[in-house]
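Trainee: When I checked TrEMBL for this same protein, it listed these features:
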{"type": "DOMAIN", "residues": "1-188", "note": "domain 'Major facilitator superfamily (MFS) profile'"}
{"type": "TRANSMEM", "residues": "28-50", "note": "transmembrane segment"}
{"type": "TRANSMEM", "residues": "57-73", "note": "transmembrane segment"}
{"type": "TRANSMEM", "residues": "79-97", "note": "transmembrane segment"}
{"type": "TRANSMEM", "residues": "118-140", "note": "transmembrane segment"}
{"type": "TRANSMEM", "residues": "146-166", "note": "transmembrane segment"}
Amino acid sequence: MIQLSLRYSWGVALPQASFELSLSRFQAGVVASFFYIGYVITGIPSGFLVDRYGTKPVTLASLFLLGLLSFWIGFSRNFFELLLAFLLSGVVAGPIFPSSMKTAAEKLSASSRATGVGALESVSPFAMVAAATLFPFALYALNWRFIYYGLGAFSFSVFVVYSVFAPNTKPNKRAKSALSLTLTNRRL
């Protein structure tokens with residue numbers, strides 16, 4: 001939910017942040033795009049990391065780094081800091097969805113797996129509703145930066161809960177990257 005909230009947050013923070021940081025419309029759009037660029041770049045490699053090391057250590061690293069990066073976004077003073085913080089946020093958010101899917105596949109029984117995946121899929125609309133409902137209050141009561149301070153604090157809170165309660169999947173030290181599998185597949 002944290003990576004989804006980061007995706008949705010910029011649209012709410014944009015008017016106030018753009019004014020405060022003197023961003024052009026082009027720059028404001030580029031900031032939003034850089035999260036997705038980072039996220040797409042790490043799509044396949046993050047799945048490899050999850051397969052190789054298990055879900056728990058990879059997700060914990062993502063949650064911790066997303067907490068730090070959320071605070072960095074809130075403390076950003078210019079376009080380039082925002083750009084880099086959003087790009088890196090996309091990069092470190094990449095493993096969260098593959099970790100969730102692997103946990104559902106390995107830890108849920110066949111009879112409850114579809115329900116688990118359905119619950120995972122409902123997180124996106126829930127995050128959108130939560131962001132659209134809560135972020136404007138933070139924006140107008142405080143400042144756009146407090147959206148990101150809140151996301152950082154939430155990420156650290158989830159980190160603690162996840163470290164205590166979340167199961168780990170079996171790491172596969174012999175996992176191969178998608179690129180190596182593609183290059184060695186003679187059927188392609």
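Each position is counted from 1, following the chain as shown.
Placement of Cβ uses the backbone N, Cα and C atoms for every residue, glycine included.
Keep in mind that this is a model prediction, so the values were computed, not measured.
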Trainee: Quick one: do the transmembrane segment (118-140) and the transmembrane segment (79-97) reach 3+ CB pairs under 8 Å, ignoring pairs fewer than 6 apart in sequence?
Mentor: no
Trainee: What mean pLDDT does the predicted model reach across the domain 'Major facilitator superfamily (MFS) profile' (1-188)?
Mentor: 83
